[in-house]
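Q: Okay, here's the structure, questions in a sec.
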C-alpha cells in the first residue's frame, strides 16, 4: 500500500488561509477523517500544524477517475501526500482556522495505510490510561498531547537561551556514577569490568555541579535526567528531569532575583502570562503556621488561625490535652459553610484523619446562632472571642485541629487545599510563586533515630545558627530556599557548604564518623581544600513545571514515554527478563527476595484502581 | 580562613581595559600567582574570563597595613574578593589582554584558602593522565580545558537554536528502557519492583525517535546520552552524547542539505571557520576503493592505486595468488620516500601487518633507477607500466598490498592515514566533510554465521535492491549516509523502514523468526500499522565533534567527568561495592564469574575493619 514519496510538503496544512487561494500546494500528513458524499470525497488532512480540508471531485477526465479511486481507499490515519489548488470554500467554517479554504486535489500518494486505531485520535478521550500508555505513539498523536510537548520544547529552549545570555555554561555530568548512602534509593548498574561493583544512576548532579564550581566554571546549568527508585506515587516517576543550576560568587538574593527573571520570562514568552516581581518570600516557620504547608498555595486565603491562647484552660479536655502536650489548637474558617450537613462535616473529619488528626471539632456560625458539639465547653464570651479571633462571619464554619504542631499543620494544610478547590476559591488561571526560606537544616528521623538532612548534606547552615550544629541541631536553619508555585514545590535551592571543616561537622551531625564521611565523600572534602569559591544553586522540576503550565493533573502527561506507578513501560514492556549470559557477564545472579514481590502486587492493585 | 563574602563582582577580571582606568571595581576569583617584592605584592587574579593584576601597595595608613598583612597570606588558588581602583600600568604588558592596567587594592576578603595543588593550574602541563582524572576538578580549572567546555556549550546552544528555528521539537526519551538483542552490549539496571527483570540503558534513542515520528511530531531532536558496555578503546566512553535527529516527509537529499546548513553554521558561529556547501558525496564502494576507508580523510590525496590488471599473470607469485583468490593488488605512492632505509620500510611493513597484511612489497623510484626486491619478477616494460599506472614520479616509493579486498583496504587505508600525518600532507586547520552513501545494508558476521545490520535493523534498503533481500542479501545497499569529517565518522544516518512487511523481512534477513521479531520489537511492528510516515534521521557524535573542533586527541578531554579505559571514574571511584541490603532489595546476588574478586574485596573490607 505504501508508495515512494515524490510529493514533498510546500505548506503546513493548519496554516492555509484565504490569501493562499489560487496557489498550488503540496500537503503531507494524516487523514483525520473522510466524508464520502457519493460524487465528492472530503478529507481533513492533519499535520503538526493543524488540518485543512482536501476535496476529491469527479470529472470526465480519466486521470481524475483514478484520483477518485485513490480517495475511495482512504481511511482515518492513512498517511498521504496531496497536491492541489487552494480554493475558497462556498460556505466558510469560521470555527476552524483553515475554515475559509479547501484544497482541490489534483494528485495523491498514499504513503502508508492504517488499521483502525484502538482509540480516537482526538482530544478529551475517555480511555483507560493503560491503553493510552500501551499505544503511547497514538496517544501522543492527539492535538492536546502534541501541545504539551511543543510547550515543553519551547520552555526548555527559552530557559537555555536565558542561561546562555547570563553566561551559564551547559555541562553534562555522568549518568553512570557512584552510589551514596544519603537520600533516596539508588538505581544500580552492575559493572562488567569490575566484578561485584556497581554504578548508580544519579539522584541529582549535586556533587558534580559543586565540583564544577570548584573547577571555576562559575556558572553552570544542565537540563538533567535524575533517577530515584522510590515507591511511586501518582506524582512521581523513576526518571525525571530537572533544570539544574549552580553559580559562584553571587549572594543568595542576587541569585534568587535572577531565577525570578528566568521564571517570569519563560511564563511570559511561552504562555503569555505576566507575573509580577519580586516574588513574595516567607519563612518556613511562617508558611507552616499560616498555611500548614512548606509549599503554600497563595492563590487563596483560608489561612490557619491560631486559637491556642484563646482556648487555653477552657473546659474542653481535648484542646487542653493537646496544649499541655506542647501542641496547638488551630482552625480554618470555611466561608459560607455554616449550613454543612452532619454528613458533609463527617467527610471532612475522615479526610483530616488521614493526616494524623484524631478528630475534628467544629463551630458553625449560623444565622440563628452558634451550632457546635463543643459549644457546651465554652462560655458565650469565650465562644465569641474564638469566633472573633478566627475572623469568622455569620455563615462560616470553623474547623479545628488540636494536636502536635506537625499534625495540626499537616491536617489543616491538607484541609485548606481541599476546601480551596471545592469552594471555588482558586483562580485556575493564576500562577503565584513564593520563595520559602529558612528551612530547618536537619530533620529527626524517628525510625533511624538520627538526624537527616532536610534538603541534602551539602546545604549551608545560616551563619548565625552555625554554633548550634552540635548542641541544638534541630534549631539550625539552612540557607535554603524552595520555590513554590500554586501549592507545588517547583524547586529547591540553597547556598552550599564550601569549607571542609563545616562539611565535616555536617556529616558528623548526620551520624557519620569522620572516617565514614571521608570514605564516601572524600573527593568532595578534599576538593574543598584547593580553593573552593562560595556557591549555591537550585534544581527546578521541569516535568512538574510543564504540568502546571499546561494545566494537567498528571506528570505522565508531560513525559513522552512515562512509566506506570509500578515503574513499567507498558509500550516496550520494560523492565523485562534478560538472558542468563547477560547476567553472567555482569557477575550477578538472580536471588535474594526474588520469589514474590509484595510491592509489585501492591503497585498493580493500585494501578488497577 | 574563609570570610563571609560581602564584595560582589562588578567586572570580569579578563575584561578590564584602559577605558576602565579610574573606576572602582570588585573582582572575585582565584590567585593565579603572587609575587612579593618586599614592599609591593602583585597578584594575578583569575576568573573564568581571564586574569588581571592586582597590587597591594604599602602606605602609612593603618588600614593599609592590615591590607598588606592580608596580601601576605595569599597563596596560589586562594579564593578572594578584592575591591580596588583600576590604574594604568607604568610598563604595559602587551602580551596579555589586561596588560595595560592593574587594580590597586583597597579592600580584600579571603573567601577560601588552598593547599598546594598536585599539579600546576596552567596550560600544557606534563602530568600523568590518571592524576588529572583523580583531581578532575583541578584539571578543569586550567584555561585550555575551560575553553573546550565553553566551546561545547556554545556548539550545543547554536545547534539547539538551529533545530528550533527549523521547527524541530526537543523531546526527552527514556534512559530506563528495554534490553534488545541487536547491537552492542547493554548496561542493565535490575528492577526492585519486578523481581528478575531489568531495564537497559539506551544505546541510542532509535526506537523512541521512530515512534515519535509515528506520533506525528514530524521533526524531533535531542542531545541524548547513550550507553554502550563495550571494551573501551582510547576513543570510546561507556556513556557518550549524540545529537539525535529524526524527521518525517523530507527526502534524503533535503535532509542532508539541512544537516549541511547546520554543520557549516555551527563551525562558522563557534570557531569562525567557513566550510563550502554542498559537501562532497562518495559511495561506500568508491570510498573503500580510493581511500581504503568508509570515513575518508579528504584533506590530502595519497589515494590507493589499483594495479590488479597491470600485475595479473606476472612472474610474482604473491600477487598472482592474491588475484587468483579473488583479491586485489593495490599500492600507495609515498611522495619523496624513495630513499627510505630498509629499517624505515620494515617499520611500515610491521604497521600494515597489524591490519592483516601478510607482507608489503615495495618499489623505490630512485634517481639512479628502480630499486625493489620484487623488480626481478617483472620485465622493464612491466615495471614502467606499473609506475606509470600508479602515477609515481622520480623520488617516490610504491607500497603494495596484495590480498583480499578487505585486507587491502584496511591495511592501505591505515597506511595512508599514517603517511598523510607523517609526511605533513595534512593541513590541520582544515575541516573537510564528506557524505558516504550506499552502504551495504548487511554484513556477514563470520563468528555468528549470520548477517548483521551494518547500521541498525531499521535502516531502509535502497528500493532498487529490495528484491535481493532474501536472495542476495550481501548486495543490498542501504539508504544510509554517514557524515565523515577529517577521517572520523561524525555521524550515521539513514532513511528508515516504515512498513511492517519490509521490517519483518529485514528481521528475517538477520536470522530472526517472525515470532522472535514480534517478541522483541512487536511494539514497533504494530506501530507501523497505524499510519507511519516516511522518515529518517541522523545521530551525530557530539563528543567527537568537539574533539575535532578543539583540535584535541582524546574524547576524555571533551567530557567533563570521563571514565578511564576500564570504565572507572578515578575521582569518585565509581563503580564501587554496595551494601548487601541494596542487592537484596533488587533480587540479585553476586555470582557468576565474580567469586575471586569478591573474595578479594571481602578480604580488603575485613582488613579495613
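Keep in mind that glycine also has a Cβ here, set from the backbone N, Cα and C atoms.
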Q: Do you know which of A:202-205, A:206-209, A:210-213 TrEMBL annotates as region 'Aspartate'?
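A: That would be A:206-209, the stretch labelled region 'Aspartate' in TrEMBL.
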Q: Among A:237, A:553, which residue does TrEMBL annotate as binding ATP together with A:228, A:229, A:230, A:489, A:541, A:542, A:543, A:544?
A: A:237
Q: How about long-range neighbours of the region 'Aspartate' (A:206-209): same chain, 6 or more residues beyond its ends, C-beta under 8 Å?
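A: Those are 173-174, 177, 180, 220, 222, 244, 246, 456, 458, 521, 524, 537, in sequence order.
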Q: Rounded to an integer, what is the Cα-Cα distance in Å between residue A:542 (ATP binding site) and residue A:228 (L-aspartate binding site)?
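A: Spelling it out, the Cα of residue A:542 (ATP binding site) and the Cα of residue A:228 (L-aspartate binding site) are 15 Å apart.
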Q: Taking the Cβ of residue A:496 (L-aspartate binding site) as the centre, count every other Cβ atom within 10 Å, in any protein chain shown.
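A: A count of 23.
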Q: Taking just the CA atoms, what is the gap between residue A:230 (ATP binding site) and residue A:455 (L-aspartate binding site) in Å?
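A: Spelling it out, the Cα of residue A:230 (ATP binding site) and the Cα of residue A:455 (L-aspartate binding site) are 17 Å apart.
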Q: For residue A:489 (ATP binding site), identify the closest of the binding-site residues A:228, A:455, A:496, judging by Cα separation.
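A: Checking each of A:228, A:455, A:496 against residue A:489 (ATP binding site), the shortest Cα distance is to A:455.
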Q: Could you tell me which three-state DSSP class residue A:542 (ATP binding site) falls into?
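A: Assignment for residue A:542 (ATP binding site) reads helix.
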Q: Going by DSSP, is residue A:228 (L-aspartate binding site) part of a helix, a strand, or coil?
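A: The three-state answer is coil.
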Q: Measuring CB to CB from residue A:455 (L-aspartate binding site), give everything in the same chain under 8 Å that is also at least six residues away in sequence.
A: A:439, A:441, A:478, A:480, A:492, A:494
Q: Using Cα coordinates, what distance in whole Å links residue A:544 (ATP binding site) and residue A:228 (L-aspartate binding site)?
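A: Pair distance, Cα basis, whole Å: 16 Å.
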Q: Determine, from DSSP, whether residue A:496 (L-aspartate binding site) sits in helix, strand or coil.
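A: Note: residue A:496 (L-aspartate binding site) is in a strand by DSSP.
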